[in-house]
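A.B. asks: One structure follows; several queries about it will come next.
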Amino acid sequence: MPPRVKEEAEDPLPPHIKEEEEDADVTTVVVVKGESPLSDSDHMEEPSRGDTDSQGADGQSECSAKEAALCDKKMSQFARSVCGKGVANRAKLARRVRTRTGGKKFRCSHCGKEFSQKGLQAHMRMHTGEKPFKCSHCGKEFAQKGTMLGHVRRHTGEKPFSCSFCGQTFRQKGSLLSHVRKHTGEKPFSCSFCGQTFRQKGSLLSHVRKHTGEKPFSCSFCGQTFRQKGSLLSHVRKHTGEKPFSCSFCGQTFRQKGSLLSHVRKHTGEKPFSCSFCGQTFRQKGSLLSHVRKHTGEKPFSCSFCGQTFRQKGSLLSHVRKHTGEKPFSCSFCGQTFRQKGSLLSHVRKHTGEKPFSCSFCGQTFRQKGSLLSHVRKHTGEKPFSCSTCGRSFSHRAAMKPHLATHARTHTGEKLFGCSVCGKSFSQKGGLRSHMGKHAGHSRCPASPSPSALRFATSPSHSPRMFSICMSGAWRPSGAPSPGRSSLALR
């Protein structure tokens, strides 16, 4: 007995207990450093208390139980320091630490990115194109199970994730988290180029591509490339004609979900976007941004041909087509082409007779919204377009343009409107109209050989003597130089 006691004093821990503590230390160090973490197969099952009792005396059995309890306690304490929860065994501890500390063991052979084993399996499907998860409702296939489950909820209408701020529900947890940040104002994703922050990681990635110029999404029909996958999908529908988003009010279909939401607001009257300068409200965020630029004077879109700047990207595209001559919008009735889609829609209404814009004052209908707005100003007396030179105001822009041209000709002396009878010119069209009244009932002298030698046969001052002068071609219009002298004296 004494030798056994001495041996125990020199090596107080049984072999399996000592090995457990060493393994626990190795697990901690390896996982924190990010090296090969322990898997389930790396651990042997601990001997049961019965096995321990058969190997040694009762004292050794009591020691084994205490040390095992101490080991479990230390292991659980470490786990709690990582994530706040205990664990039942070392294998679970290794997995827990890998998850919480970001430990990554498996590297993708295609792109070099590192993942957990499960994460790598899901990632590899991006390279292989494998889509093992299939929707039981429509047969659509997915690479990830989570994406498939989110899709299935479109069929079932299930929205299990609810916002604690406003009660709005969502199909996917990620959509809820992104929405909650609208309430909290949190924008955890920051651009390393300019510092701009975003609520969604996808928005950041799309923004970064503006800096890098990367457009990784390519159309298989025409080869056009895009920064965002959503932009590609919307573009592809132009080729396929697919319009998957349908209005529940009138049945009209759309290629983009955003277009549907904007359209639905026509039915509901909702205008959720408000101008901070004047309070005007809009159905679309893009319309608000364009409107705000009227207040700020910002024109961020510049023509690469002439340098002219615009508030709206659509206005720039339409303008560029003036340089290129492109008219991509064609009428299905007569084949006439247009630079702008709005011009085509207005033209088509000539064929169909449709006049969808109605005056709330008198009920008169119009093909174009602009024509309606101009008409309404007759009722309201509003004249929003003002001349910066003289302050005169106009009900519509088209009426102001010739007025501005009049001011310009005052400075240049240009007179564009000429009388076809006597050759006198005027800076304004109205001046020419007034002048033409003087020639009422008069005609050109048939004896005049020159178009510039003008007199009127029915004029009282056109005497026979003047007729003979016309015959000779000696008469010249007032102010015209004479070959021999400054003016022709008629006695």
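Cβ coordinates are placed from backbone N, Cα and C, and glycine is handled just like the others.
Predicted, not measured: the structure shown is a model, and the values here were computed from it.
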A.B. asks: Can you check which of 124-151, 404-431, 432-459 TrEMBL lists as region 'Disordered'?
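C.D. replies: The range carrying the region 'Disordered' annotation in TrEMBL is 432-459.
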A.B. asks: With DSSP helix as H/G/I and strand as E/B, how many residues of the domain 'C2H2-type' (189-216) fall in helix, strand and coil?
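C.D. replies: Secondary-structure composition of the domain 'C2H2-type' (189-216): 12 helix, 4 strand, 12 coil.
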A.B. asks: For the domain 'C2H2-type' (273-300), what's the model's average pLDDT?
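C.D. replies: Residues in the domain 'C2H2-type' (273-300) carry a mean pLDDT of 92 in this prediction.
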A.B. asks: Run through the domain 'C2H2-type' (301-328) and tell me, per DSSP, how many residues are helix, strand and coil.
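C.D. replies: The composition, in the requested order, is 12 helix, 4 strand, 12 coil.
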